[in-house]
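Chemist: Annotations per TrEMBL:
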| type | residues | note |
| --- | --- | --- |
| ACT_SITE | A:Lys227 | active site, proton donor |
| BINDING | A:Gly10, A:Phe11, A:Gly12, A:Ala13, A:Val14, A:Gly15 | NADP(+) binding site |
| BINDING | A:Lys127 | NADPH binding site |
| BINDING | A:Glu212 | L-homoserine binding site |
| DOMAIN | A:10-151 | domain 'Aspartate/homoserine dehydrogenase NAD-binding' |
| DOMAIN | A:159-332 | domain 'Homoserine dehydrogenase catalytic' |
2 protein chains.
Amino acid sequence: MKECRIIIMGFGAVGQGIARAISLKKAMIKQDYGVELKVVAAADSSSSAICQEGLDEMMLVHIKNSEGRLSAYRDCGTNMSGLDVLDAVEYDLLMEATPTNIETAEPALSLTLKAFEQGKDVVTSNKGHLALKFSEVTQAAEDNGVEFKYEASVGGAMPIINFTRDTLSSCGIESIVGILNGTTNYILSRMTSEGSSYDITLKESQELGIAETNPTQDVEGIDAACKTVILANSLLGIDATYDDVEVEGISNITSQAIELAKKDGYLIKLIAEVSPKNLKVAPRLVKMGSSYDVSGTLNMATIKTDLAGEITVMGLGAGSLETASAMLTDVISILKTKY
Amino acid sequence: MKECRIIIMGFGAVGQGIARAISLKKAMIKQDYGVELKVVAAADSSSSAICQEGLDEMMLVHIKNSEGRLSAYRDCGTNMSGLDVLDAVEYDLLMEATPTNIETAEPALSLTLKAFEQGKDVVTSNKGHLALKFSEVTQAAEDNGVEFKYEASVGGAMPIINFTRDTLSSCGIESIVGILNGTTNYILSRMTSEGSSYDITLKESQELGIAETNPTQDVEGIDAACKTVILANSLLGIDATYDDVEVEGISNITSQAIELAKKDGYLIKLIAEVSPKNLKVAPRLVKMGSSYDVSGTLNMATIKTDLAGEITVMGLGAGSLETASAMLTDVISILKTKY
């Protein structure tokens with residue numbers, strides 16, 4: 001039986017989702033693809049659990065939630081983290097789920113490049129290194145002859161990158177227009193349904209855990225702009241970085257503006273546009289009842305093609321297990337081609 | 001340079017779309033996948049054009065439209081058709097686009113099985129043989145070690161089969177619910193927007209070329225039921241045939257019923273449901289503004305998964321070039337794995 005030895009780097013919501021998804025699906029993957037997945041290390045920001053014979057995925061989740069640190073894993077806990085972990089264990093594939101940093105791209109950038117140099121495949125949910133250095137990172141993967149997959153970096157569980165590449169491969173892609181941030185869509189949907197102000201709605205969303213304590217990345221459009229860059233590079237072949245995107249967030253949207261739009265049959269949505277002419281994230285009016293009329297934390301994207309017309313896809317843009325499922329699909333596609 | 005020699009069988013709207021799509025995309029495919037596509041034969045119901053050195057795709061379309069028969073193709077025209085063509089030329093891949101026959105599955109069934117026996121790959125848009133004999137046909141492909149792809153048989157340009165298999169491969173599929181017939185969706189949308197009766201709307205749709213002269217397959221739900229069976233077999237592993245689907249069409253829907261639904265915020269749609277418990281096509285009430293609220297000839301499907309939640313996809317369910325694009329994507333996926 002072939003084996004794929006995995007390091008999970010980052011053990012927040014997504015990292016824990018990966019562990020749960022592997023636990024749920026490793027029997028299916030063994031059966032259908034003939035490969036045994038084995039988690040040989042998992043690391044949070046300051047500690048890790050490492051075991052060449054394999055760790056119990058659900059035990060990792062349990063330890064993290066009960067003890068706060070993976071170092072509490074019996075007989076396998078260490079105080080190592082980050083790059084050191086990549087040297088401490090033999091592995092085949094890095095599943096990278098550290099938090100996105102749009103200033104430095106770290107630690108994702110160093111981790112990813114080191115894994116490539118070690119000849120290892122990488123699956124990531126991180127946006128930072130892709131938004132800041134897309135061509136450098138993908139080129140490094142190519143130079144080292146390894147696989148690099150990042151479906152989960154855009155749209156969470158909503159398939160968009162593999163979807164466009166694999167199932168629309170006969171088509172030229174002219175543009176992608178969509179709602180790529182669930183938090184802002186939730187805030188705008190709620191302002192629309194309740195007539196409430198931006199400030200109050202943001203606060204409620206924070207209380208519900210939908211918006212973060214520091215909501216800047218979401219509400220100022222930064223998160224959506226990162227995704228815009230990733231789609232531009234990966235699907236339209238546009239060599240762009242984060243600074244090339246024109247960005248406007250939703251913090252200036254008033255309940256009056258939403259009310260006025262509503263009277264004319266429109267909604268205000270934070271729309272990302274990816275086309276050779278425009279890389280842009282901004283609030284826009286969309287028709288009620290159109291495919292852009294999705295509420296809550298849903299993401300959607302309409303892909304305009306030359307042969308197949310417009311194709312729209314819609315799904316959950318976030319969520320622990322949901323995002324992890326996109327990463328596991330990336331792993332499976334690597335298993336199919338390389339194992 | 002590797003070569004893929006293609007027979008196009010059936011030269012109506014879809015067959016002509018295939019020729020146009022190949023003409024538009026063969027340079028891209030040569031560049032990106034290193035394979036030269038060459039159409040060595042194209043056949044309509046009573047004649048064909050055959051040339052081992054390759055036919056001009058746009059000339060085939062021109063001849064068919066100006067002369068009505070492919071036999072008028074200079075130096076290459078023949079009076080052969082159907083099975084004989086598969087013996088008359090050396091080829092690698094059959095693109096099968098003959099009309100669906102839900103009684104006999106012919107000529108698709110014989111053509112496909114013969115191509116398999118000859119060791120050739122097949123890409124089809126036909127529903128008949130899949131709806132009546134799914135396991136027999138897919139088993140024959142496996143026994144002969146050839147590829148068999150049928151994305152275009154469901155949803156036209158809307159990706160659903162490859163989409164679910166490739167980009168949701170980590171997920172278990174619990175159900176698929178959607179609108180799989182564009183003609184009935186057009187009729188119901190128009191009855192809703194105009195308040196017109198079924199009979200008048202059907203007649204108008206026929207005049208516009210959206211409904212066929214004999215509309216039975218569409219309006220009685222037969223077409224959607226075929227697609228239901230194909231999805232059940234291919235994506236949920238349910239060994240079913242056409243007779244296992246409970247089918248009710250739209251011909252009994254009155255404008256009064258639509259009006260009543262509308263008052264409560266509902267629409268009437270012809271919904272196909274694919275789940276282990278239910279294989280069913282029937283008119284159902286759906287909420288206005290929900291993802292089932294798509295108008296015109298659009299198709300949509302919501303795929304319920306265990307890990308990724310609900311994913312919805314939407315696209316053009318018909319159209320010559322659109323359907324051909326799905327077939328060409330199937331061809332590319334064969335090129336990627338076999339060439």
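Glycine too: its Cβ is placed from the backbone N, Cα and C atoms.
No curator has checked TrEMBL annotations; they are predicted automatically.
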Chemist: Return the residues near A:Lys127 (NADPH binding site), defined as same-chain residues 6+ apart in sequence whose C-beta is under 8 angstroms from its C-beta, sorted by sequence, else 'none'.
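Modeler: Listed in sequence order, they are A:Thr100, A:Ile102, A:Ser153, A:Val154, A:Asp223, A:Cys226, A:Lys227, A:Ile230.
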Chemist: I need the least crowded one of these binding-site residues (A:Gly12, A:Gly15), counting other C-beta atoms within 10 angstroms of each C-beta.
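Modeler: Least crowded of the binding-site residues A:Gly12, A:Gly15, by Cβ count within 10 Å, is A:Gly12.
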Chemist: Under the DSSP assignment, what numbers of helix, strand and coil residues are found in the domain 'Aspartate/homoserine dehydrogenase NAD-binding' (A:10-151)?
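Modeler: Helix, strand, coil within the domain 'Aspartate/homoserine dehydrogenase NAD-binding' (A:10-151): 68 helix, 24 strand, 50 coil.
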Chemist: Using a 10 Å cut-off, grab the number of neighbouring Cβ atoms around the Cβ of A:Glu212 (L-homoserine binding site), all chains included.
Modeler: 13
Chemist: Only counting partners 6 or more residues apart, tell me which same-chain residues put their Cβ under 8 Å from the Cβ of A:Ala13 (NADP(+) binding site).
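Modeler: Residues satisfying the criterion: A:Ser320, A:Thr323.
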Chemist: Output, ordered by sequence, the same-chain residues six or more apart from A:Gly10 (NADP(+) binding site) with a CB under 8 Å from its CB, or 'none'.
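Modeler: When sequence neighbours closer than 6 are ignored, A:Gly10 (NADP(+) binding site) has A:Ala43, A:Asp44, A:Ser45, A:Glu96, A:Ala97, A:Thr98, A:Pro99 within Cβ distance under 8 Å.
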Chemist: Need one number: mean pLDDT over the domain 'Homoserine dehydrogenase catalytic' (A:159-332).
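Modeler: The answer is 96, the mean pLDDT of the model over that range.
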Chemist: What's the CA to CA span in angstrom from A:Val14 (NADP(+) binding site) over to A:Glu212 (L-homoserine binding site)?
Modeler: 15
Chemist: Taking 8 Å from the centroid of the Cβ atoms of A:Gly10, A:Phe11, A:Gly12, A:Ala13, A:Val14, A:Gly15 as the cut-off, which other residues in that chain fall inside it around the NADP(+) site?
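Modeler: Apart from A:Gly10, A:Phe11, A:Gly12, A:Ala13, A:Val14, A:Gly15, the close residues are A:Ile8, A:Gln16, A:Gly17, A:Ile18, A:Asp44, A:Ala97, A:Thr98, A:Ser320.
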